[in-house]
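Some notes on the structure that comes next.
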C-alpha cells in the first residue's frame, strides 16, 4: 500500500486535499465494460493544493514517504491521534538521512520566506527600513520560525495542523467568494440601469427577465448521489443498460486511480452530466462561475450524506451503505442555484453600504491627492521663480566682474613730504598761485589727502579771480 493510500485510510485531510484538488476529468465511455478487473495503478501525480506553502508541504511528504518506520505508524494512527500530534512525535524515530533532508528543506523554506518579506518591504517603499525577519516570520504558522535550521517534531505538527485547517476552510472561502461575485454582478446591473432613460431601462429589465427564464428552462436535475443520478451516468457516460445497474461495479468504474475511495475530484466528475443540463458555455444566460458553484454544492451534499467518518473520502463500504438508504432510492427534488439565492437582502444592503463607503474613501483620497498636487505645483512655481532670480543675480555679478576697474595703489607718505596728487593735472587759471608752495611746513594727513579729489582746489585760501583793469585786489 502506497504512503498516500495509507493517508487515505488514516483519514488525513491534509493529504486527501493534496491528492484531490485537480481539474475534473471528462467521464470515459466504457461501453465494453462488464466487470472491471482489479489492477495495480500508478500513484496519482502531485497536485497544487492552492496553499502558499504547497511546494514545501509536498516535499516534506515526499521525504517522509521514504522512511519505512513512519509508514508503519501511519497505518496504525487514526485521525484524532493525528490531529492531537501523536503522529508528529514519530519524527524522532525517522532515519538520520531523512531528517538531514528535512533540515535542509526547512532552511530553504525559511530563506524563501525571508526573500518574499524583503521583496514586500521593497515594494511598499521600505528600502531604508531595517527588516525584522523574526517578527514577520510569525505570520507563517506552518513552521517554527524560532529555529530556522532544523526540522523538528513541532515543525511537522504545525504543518499538519495548518494544512488541515486551511484546507478545511477551502470550501467556505469559495462560497464567500461566490457570494461576493453574485452581489457585485447584481450591483453593477443596478448601477447600469441608473444611467439609462426610462425606455432603455425598460428594455434592459425585459432582457434580464428573458435571460432568467431561458436559464431556468432546462431538463429536470436529478438529486446528486441518488440512484437516478448514478443510473443516468451509468447509461450515458458508461454506455451500460440502466436495468443492469450495480453499485459496486459503478464504484469501481469511476474510482479512476483504483485506490478504493471516491475523492472529491472523482465525486465531482459524476455531476458533469447533471450540470450540462443547466449550463452551456455558448449561451448568454448561463454563467460558468455559477456552474462551478453548483458543482461544489452537489459534492458537499453527497459528502455530508455518504462520508460518515468525515475524512473527505467515500470508501466502497460507505458508498454501498448509502445505496441502501431511502434517500438514495427515493430522493427529494434538487433545488438549483436559481432557486436558492446566494445572499440575503440584508447582506446585499451591507455590501452596497460597504461599496459606498469605499467609494467615499477613494474620493476623499483623490481629493487629498489633488490638493497635494496643487500645493506641489505651487511650490514648484516658487522654486522656478527663485531659480530665475538667482540666475539673473549671477549674470549681473558676472557683468560687474568683467567691468570692474583696478583700484589705485596705496600711497606711502614719509615725514612732511606731501604726496603728489594723482590723476590728471589741471593748470591754475592766470593770476592764481599754487599755495602749497608758500607753506612748506604744512602737514597734511596722508589718509585725508588721499580722500580729497585730485581736481579739487585748496579751499583754505580765497579764490582769486581776474579783476578788471585799474582794480586792485584787497587782501
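Yeah, the Cβs are placed from backbone N, Cα and C, and that goes for glycine too.
Please treat TrEMBL annotations as automatic predictions, because they have not gone through curation.
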*State the residue range annotated as coiled coil by TrEMBL; the candidates are 97-124, 125-152, 153-180.*
153-180
*Give the residue counts of the domain 'EF-hand' (242-277) per reduced DSSP state, in the order helix, strand, coil.*
23 helix, 2 strand, 11 coil
*What does DSSP give as the helix, strand and coil breakdown of the compositional bias 'Basic and acidic residues' (368-380)?*
13 helix, 0 strand, 0 coil
